[in-house]
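Novice: According to Swiss-Prot, the protein carries these features:
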- TYR41, TYR179, GLN183: L-tyrosine binding site (BINDING)
- LYS242: ATP binding site (BINDING)
- 361-418: domain 'S4 RNA-binding' (DOMAIN)
- 46-55: motif ''HIGH' region' (MOTIF)
- 239-243: motif ''KMSKS' region' (MOTIF)
Amino acid sequence: MEKSMASSNLIKQLQERGLVAQVTDEEALAQRLAQGPIALYCGFDPTADSLHLGHLVPLLCLKRFQMAGHKPVALVGGATGLIGDPSFKATERKLNTEDTVQEWVDKIRRQVAPFLDFDCGENSAIAANNYDWFGNMNVLTFLRDIGKHFSVNQMINKEAVKQRLNRDDVGISFTEFSYNLLQGYDFACLNKLHGVALQIGGSDQWGNITSGIDLTRRLHQNQVFGLTVPLITKSDGTKFGKTEGGAVWLDPKKTSPYKFYQFWINTADADVYRFLKFFTFMSIDEINALEEEDKNSGKAPRAQYVLAEQVTRLVHGEEGLAAAKRITESLFNGNLNALSEADFEQLAQNGVPMIEMEKGADLMQALVDSELQPSRGQARKTIASNAITINGEKQSDPEYTFSDSDRLFGRYTLLRRGKKNYCLVCWK
C-alpha cells in the first residue's frame, strides 16, 4: 500500500479496529494526514520501573502511524513523573524521589525503543524527555509564560479531576492540579522543536491533550490535534491487563514471557477477535477470516494461540516466544527434557506456584507444604492412587524421599497432582 494512501485512510483504519475513542476536529486531521507525513507524540510517565499492558495500545498506535510514513516521538516524562497525573485517580499519588524516577525513565526509554524504528530516514522515531525543558525552568517563567494561558474556571470543570474536587476527604494538591499545565506545555514544546501536530494517548488523557492543543494555539498560533485510544475493557466487566498476581508487565523480569503468553491464551472467546484488532498488525480481513474459521471448525478456537503468539513475539521477540511455547508444551505433555535452566527460572518467577525446601524432605511433606494436599494422611492416599508425578514421572510410593536425580539443574523439581495442579520445588 502506498504511504500517502495509507495516511489519508489511517483514521478510518484505526476506527475500523476500534482504536479511536475521541478525536479533535477529525475532518481537519484527515485532511492534514492526506497532505503528507506528520510528526506525532505519545507520552509515557515513569510511574513504575516498567510499562504494563495498558501502555501497549498507545505504543502500538505510534508504530501504526510510523508504518504509514509518519514520524513518532516517544516522550518519557522525566518531569511529569515527578509530579503525578491526577486524571481519574481517586487519591493523591505518592511522590517518588528524583533518583528513582530517573532510573525508571531509563528503563522505560529502553522498553519503548524496540517498538519503533529510530533509523529509517525521514520518519525515524525520536526519543524525548520533558525534564529537558522543565528541569531548569524557574517558577516565574512557569507562572507568566504558561500559567497565564490557563483558566482555573475551565480546569476545575475537567472530568478527570472533578471527582477529586467534589470530595472533602481527599481533595487534590496544587502539585497534581498543575500537572495539566505541564502536559499542555509538552505539546507546545514538541510542536516548536519537532513540528509535532498530533498527540495520542489513553482516553483518560483527553483533558490533558485538549489543554495542550489550546496552549499550542495560544503560544505558536498552530493548529494541532488529539486522538485518544479507548480504555480496554473485557466482556465480563473485569479489569483488563490484571491477573490475580497484579498487573501484566512488559518487563520479562516482572512478568515472565511464559506468564505473558499464558495471559493471552486465557483470553475469553468474546474478547479475542477484538483484541487481535487492538494488539496485532493482522489485517481486518485476516482477523475476520480467522473468526469465521474458528466458528466453523467444530474445534477449540485457534484465535487465542494466534493472539498469544503475535503479542508475545512483539514484546519478547522470537526467543521469548520460543521459551513460552516450549514451557507450555512441556507442562502439557509432562516431558521436561526440552526445558533449559532459564525456562525453570521463568517458572519459578511466576509461572506456577513455587516453594523452597531444604534437602532431605520427603514427597508427602512437599505435597503438604506446596498445598497440593491438605495433610500427610491425604497425601499418602493420593500418592498411592497414582495421581502424583515428579518431573513428569508417576510416583506411587508414599514413603518416597527425593534423590539428587530429581533435582533438575541441581535445583528444581516439578510436582503435579492430577492433570493441572503444579508446584515447583526450589531446593535450598
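Glycine too: its Cβ is placed from the backbone N, Cα and C atoms.
For each feature listed, report its degree of burial, its nearest neighbours and the pertinent distances within the displayed model.
Specialist: Look at TYR41 (L-tyrosine binding site): DSSP puts it in a strand. Counting every protein chain shown, 24 other Cβ atoms lie within 10 Å of the Cβ of TYR41 (L-tyrosine binding site).
A 10 Å cutoff on Cβ-Cβ distances gives LYS242 (ATP binding site) a total of 15 other Cβ atoms nearby, all chains included.
Per-residue pLDDT, averaged along the domain 'S4 RNA-binding' (361-418), amounts to 96 for this model.
Outside the motif ''HIGH' region' (46-55) by six or more residues, the chain places 76-78, 81, 84, 93, 101, 103-105, 107-108, 111-112, 202, 232, 240-241, 247-251, 254 with a CB less than 8 A from a CB of the stretch.
Counted with DSSP, the motif ''KMSKS' region' (239-243) comes out as 0 helix, 3 strand, 2 coil.
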Novice: Tell me the Cβ contacts of GLN183 (L-tyrosine binding site) under 8 Å, same chain only and six or more apart in sequence, or just say none.
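Specialist: Within the chain, GLN183 (L-tyrosine binding site) has Cβ neighbours under 8 Å at GLY43, THR80, ASP85, GLN205, ASN208, ILE209, SER211, GLY212.
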Novice: Cβ under 8 Å to the motif ''KMSKS' region' (239-243), counting only same-chain residues 6 or more beyond its ends: which ones?
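Specialist: Residues 52-54, 232-233, 259, 263.
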Novice: Under DSSP, is TYR179 (L-tyrosine binding site) helix, strand or coil?
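Specialist: It is helical.
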Novice: Restricting to the same chain and to sequence separations of six or more, state which residues have a Cβ under 8 Å from that of TYR179 (L-tyrosine binding site).
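Specialist: In sequence order, the residues whose Cβ lies under 8 Å from that of TYR179 (L-tyrosine binding site) (at least 6 apart) are THR80, ILE83, GLY84, ASP85, PRO86, SER87, ASN208.
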Novice: In whole Å, how far does the CA atom of LYS242 (ATP binding site) lie from that of TYR41 (L-tyrosine binding site)?
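Specialist: With the alpha carbons as reference points, the distance is 26 Å.
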